[in-house]
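According to TrEMBL, the protein carries these features:
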type	residues	note
COMPBIAS	62-71	compositional bias 'Polar residues'
REGION	55-83	region 'Disordered'
TRANSMEM	21-43	transmembrane segment
TRANSMEM	215-235	transmembrane segment
TRANSMEM	242-260	transmembrane segment
TRANSMEM	298-319	transmembrane segment
TRANSMEM	340-362	transmembrane segment
TRANSMEM	435-460	transmembrane segment
TRANSMEM	481-501	transmembrane segment
TRANSMEM	545-568	transmembrane segment
TRANSMEM	580-604	transmembrane segment
TRANSMEM	620-640	transmembrane segment
Amino acid sequence: GTPQKYDPTFKGPIYDRGCTDIVCCVLLVVAIVGYVVVGVVAWTHGDPRKVIHPTDSRGQFCGQQGTPNESTTRRSKVPSMTAPPCPPPVQICVSKCPDRYMTYMTAYGNPASLQYYRNFCTPEFRSAQKAPLEVLRDKECPAMLIPSTPLARRCFPAIQAKKGVIMVGNETTYDDGQGRRRNVTELLEGAKKANVVLETRQLAMKIFEDYTVSWYWIIIGLVIAMVASLIFITLLRFLAGIMVWVMIVMVILVLGYGIFHCYMEYAKLKGEAGSDVSLTDLGFQTDLRVYLHLRQTWLAFMIILCVLELVIVLLLIFLRKRILIAIALIKEASRAIGHIMSSLLFPLCTFFLLCLCIAYWASTAVFLSTSNEAVYKVFNESACPFSGQTCKPETFNTSNVTKLCPDAQCLFAFYGGETAYHKYLIVLQFFNVFMFFWLANFVIALGQVTLAGAFASYYWAFKKPDDMPAFPLFSAFGRALRYHTGSLAFGSLVLAIVQVIRVTLEYLDHRLKAAENKFAKFLLSCLKCCFWCLEKFIKFLNRNAYIMIAIYGTNFCTSARNAFFLLMRNIIRVAVLDKVTDFLFFLGKLLIVGSVGILAFFFFTQRIKLVQDTAPPLNYYWVPILTVIVGSYLIAHGFFSVYGMCVDTLFLCFLEDLERNDGSAEKPYFMSQNLRKLLKKTNKGQPDA
């Protein structure tokens, strides 16, 4: 199905094209290869277990095979009892968290209690004959045990509130192991976040239970949303004009009623005491209701509404034809989608590729962040020249440090490293973020140019749909990858650079929140605003540049320039079409999401008598309802994004058609018969398509 080409200079949307922006294509391939290398290096050095599994003071994982921690799964701490600067708390792997209050001093004299206490001591604790003070000084055992709850493989104080009283293990005080009684509220700050996480986990379990009993009905609700979206797009072919004109009439009537209401209020206040006071004499009042008792307020409202009414009526008079063109293009888009139904499923392909990008970026970021090695440092309580220096636990006991500083310990401090790889980890993380933005934007660009190519092949087919390719969507996808990978890489690279700058500015803003430099904050806010606007403009320009690439096969810069000036020459048509489509999409999303959401609410709250016994019992009925609402919005957004791309593509094709062709036998119009009648254009010597 080759489209008939009457103008020999017109390349057409399918043929007569070559590779564009080859340098950017090569650059993208090199960057992807480098990205793969970074991923392989990160996966070689990284260990995600550092994020999931706790470690003891030696940096060994709890429950790790081949270590003394093999039979343990959780981590507890032996707190430091010395004044700062002091070593970090000794972290111990335990098989289970303590479930009772106990101090080492009380357990020392009881063999059964001491045997239980051994579970929370370091592996070095061998002899019970050692003096208790020496055991506590060497931090081989904690001074006290507190009833704890396991959370994320870590032990946290089991804090609970009973009748407004904070308690731990049904007690309000505890022995700190040094003969003093302390209030459990002292543990509250340290375990507050842990209890929030614990409560969140319980909430998550209930939500998961709701999903297990309602997932079937949630899928049915999403299917209904998908069918409703498809029906709405189909009906736009017949009802677009009616909906637009009804909306315009409703706006005029609402403004008219507003003018009438303001006049009635203005007339009602005539003669009332204090109603003739001017706004300038009254000044600023915090209670805004005061202004409603002034005639001048309602007069101002009436004048404003009259001006708006007059502006809208004048716009309708002068833009009536452009509104009709916008409606005709929307109807034409519905016909195009009807001939290329596979385009409605294409966003799933884009979504899948985006998920791959996100998964690769996230896994690489985790492996990079866990690539550091365990760093051990010398900690001591008395003066020592080696304090703070790095050490090795394997050789520490035989080194000179223990001879010069008997109380020194070689403890795990943090994860880091001194090699060149570790020094440039921040650079690799930055490269990881940059490549994520570049590849994500490339995937989105590939989806846009594919859809644009498919819909352009519909428009430029003289006899629709006979002159269209057999598989327009797959043909457009193949052309995009074969000829225009470089152009897509160019456009996505520009956008990625701007987005990385925005992320950097957000990071700086987060770091400067506590700063007192107001000028720096003001400058940063201005830069954030400017780059936000720049990103929006580049996205708009890229979208239309990709459409021109799909039509003509030109490079990115040429396509962007041609698209920009083409739109500027038809700026009023652009504005009208943009607002009309925005209204229809808003109406469609509101209708679909609202109707499906209301249906889900009545079903899951068992208010529909016919299916009252069918609805599953739930902990929180809002869980499936919100899921259905959010899912319906995403489905409707996916359908309407395809529809929006179709409208934009047909609009640019329509503008090009008007500028390139004149209706002669050599240069006939490719637009539909309805558009030609609307513009009073005819094709001479050619039958109407």
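Just so you know, glycine gets a Cβ as well, placed from its N, Cα and C.
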Cβ pairs under 8 Å between the transmembrane segment (242-260) and the transmembrane segment (580-604), at least three: yes
In contact by Cβ distance (the transmembrane segment (435-460), the transmembrane segment (545-568); 3 or more pairs under 8 Å): yes
Stretch in 21-43, 340-362, 620-640 most in contact with the transmembrane segment (481-501), if contact is a CB pair under 8 A: 21-43
Recorded stretches the transmembrane segment (215-235) and the transmembrane segment (580-604) touching, at least 3 CB pairs under 8 Å: yes
Cβ-Cβ under 8 Å with the transmembrane segment (340-362): same-chain residues at least 6 beyond its ends: 39, 230, 233, 432-433, 435-436, 439-440, 443-444, 446-447, 450-451, 454-455, 458, 472-473, 638-639, 641-642, 646
